[in-house]
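TrEMBL annotations:
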BINDING   Val126, Val239, Trp498, His499, Pro538, Gln539  FAD binding site
DISULFID  Cys435-Cys490  disulfide bond
DOMAIN    286-300  domain 'Glucose-methanol-choline oxidoreductase N-terminal'
Amino acid sequence: MGLKYSRRFLALVFIVVFANFHGLNYAEKAFAAPKYSFIQEATSAPEVSFYDYIVIGGGTAGCPLAATLSTRDAKVLVLERGGSPYTNTTKIRMENFISTLTDDSPNSISQSFISEDRVPGNRARVLGGGTVINGGFYSRAETLFLKEAGIDEALANESYEWVEKKIVYKPRAFQWQTAVRNGLLEVGVLPDNGFTFAHLNGTKTSGTLFDKNGNRHTAADLLEYANPTMIKVYLHAVVHKITFTTKDGQRPKADGVIFYDANGGRHIAYSKHESNNRSEIILSAGAIGSPQLLMLSGIGPAARLRSLGIKVVLDQPMVGREMADKPSNGLLIPYPTHIPLSLITVVGINKISNYFESFNGFDLSDLSGSGGAQPQSSNPSQEALANSTTNQAFLVQTIFGPISKGYLELQNTNVSDNPKLRFNYFQAAVDLRRCVSGMQTIINVVNSDSLSRFRFRNMTTQDLINMTVNRAANLRPRNPNATTSLEQYCIDTVMTFWHYHGGCQIRKVVDRDYKVLGLDQLRVIDASTFSFSPGTNPQATILMLGRSMGRRILQSRRR
């Protein structure tokens, strides 16, 4: 018996040593994805079905919302246009962040688009939504946002904690992140707030969706909270429109959803209790998907809808308006020696609401609007950069808001096609002034003692500016002044930080209960309702919103 167990022990030790010797992590190999009996392909859905709550979009808001709604006597359906993040968990590991985000193959979990501003972007098409393809940074919203959104602070805190217990981690200490934190403190982004989820002026370390082994945890993991007998999730279920009943003298009432499966099969799910308002359809398709689907369903600017042959249910000119994206600008920083890669875990927030973040160790050529072309130079440090695409960091700044707004407009009636998007980056002068101020701070951080050992000694900040202009992640023309004027630099090198919001804003498209104005039994619960992007990263707040609104809906159901 003793010999038998000794052999097992030695075998286990051998596996662990072998894994570590070859650069693998045994814990990561043992990572087990949740197994949900209620998640199925939409091809298995009946042609007609009935539910208390139909949630369109199993993303950052949709998953916590649906999980919460299913815990009472309510039958919940989630329709997700993408697949499962658990099919290949290697794709969502930390080291594959850039390659997964930029994978634009037909069945990828990221759908790319180019805005009218000539800035490339991405939107998720996967269960878990943006939490599956983003940088994983987790930080709560400022109190101002909760007041603006009409969310009770106590309920918000409870909802944040509900999320954090399942999918949020305290990050490891990374060399680059530590250096950036020290550099921010050195140039006056104070105080040092240590580790905290709270939105505070100064420099802090916050949460991450990546565990210590680099495994990503997503909103889809929150479905573990769901009652498996009361929820159904269909994958590759593409919703084409919401249907309405209209009676003379009464407001239109959402009563069903038409969706198609991967084989082109047509299905319709109806509200179970149409007569007593205990059933609802809830749009959680994201800042781009929700206004797009409202328009395709006949809710939007009447003239534009009629021009596309869409029957107008409600003339609502504010659908698709007030679209915004937090602009991002920064500096590429090549470094001479290899250090471990890291995604954002440290943020600096100054008094004029610039946010400073960084990541390192990734091949950023796929994000480059120049197709990854290296600048031509005899500078040895630039030649070193060309030979090592991962020995580089990106130190970025974003701004509060922003003030600049744009629009979303249908290009056709195909729900799988991207709508026309314009964000009007830096249209508001205050946004441009903040960018210039933020870039000045970034230059100071790059020149700080804390970052000195990560710099090529013969490479100046002007060299970094020139390099970043050449490799800017957009398709905009380069003005000759971009390397000498920070105003022009901001305009020419702007990129998305993927914090899209607007299009279905509170008090303009939905009320403070997130019910669509002028309609019954239809809500929108996601970032499309935001008037500004909360915190340094909105994902924590979108997750919280799904949970807290689920609780509010259940409370109203009891009445």
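Just so it is clear, glycine is given a Cβ too, placed from its N, Cα and C backbone atoms.
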Handout entry: Nonlocal residues around Trp498 (FAD binding site), in sequence order (Cβ under 8 Å, 6 or more apart)
Key = Gly121, Asn122, Gly130, Asn134, Asp325
Exercise for the section: Enumerate same-chain residues with a sequence separation of six or more from Val126 (FAD binding site) and a Cβ-Cβ distance below 8 A; give 'none' if the list is empty. Expected result: Glu80, Gly82, Gly83, Ser84, Pro85, Ile109, Ser110, Val132, Ile133
Practice task
Taking Cα atoms as reference points, rank the binding-site residues Val239, His499, Gln539 by distance from Cys490 (disulfide bond) and give the first.
Solution key: His499
Completion exercise
One finds that other Cβ atoms within 10 Å of the Cβ of Val239 (FAD binding site) number exactly 25
Exercise for the section: Take the C-alpha atoms of Pro538 (FAD binding site) and Cys435 (disulfide bond) and report the distance between them in angstrom, rounded. Expected result: 19
Practice task
Please work out the helix, strand and coil residue numbers for the domain 'Glucose-methanol-choline oxidoreductase N-terminal' (286-300) from the DSSP assignment.
Solution key: 11 helix, 2 strand, 2 coil
Fill in the blank from the handout: Cα-Cα, His499 (FAD binding site) versus Cys435 (disulfide bond), nearest Å, comes out at 16
Exercise for the section: Identify, in sequence order, the residues in the chain of Cys435 (disulfide bond) that are 6 or more apart from it along the sequence and have a CB within less than 8 Å of its CB; answer 'none' if there are none. Expected result: Pro327, Asn329, Gln397, Ile399, Phe426, Leu486, Cys490, Val494
Practice task
State the mean pLDDT for the domain 'Glucose-methanol-choline oxidoreductase N-terminal' (286-300).
Solution key: 98
Problem - Count of other CB atoms lying within 10 Å of the CB belonging to Cys490 (disulfide bond) - result: 24
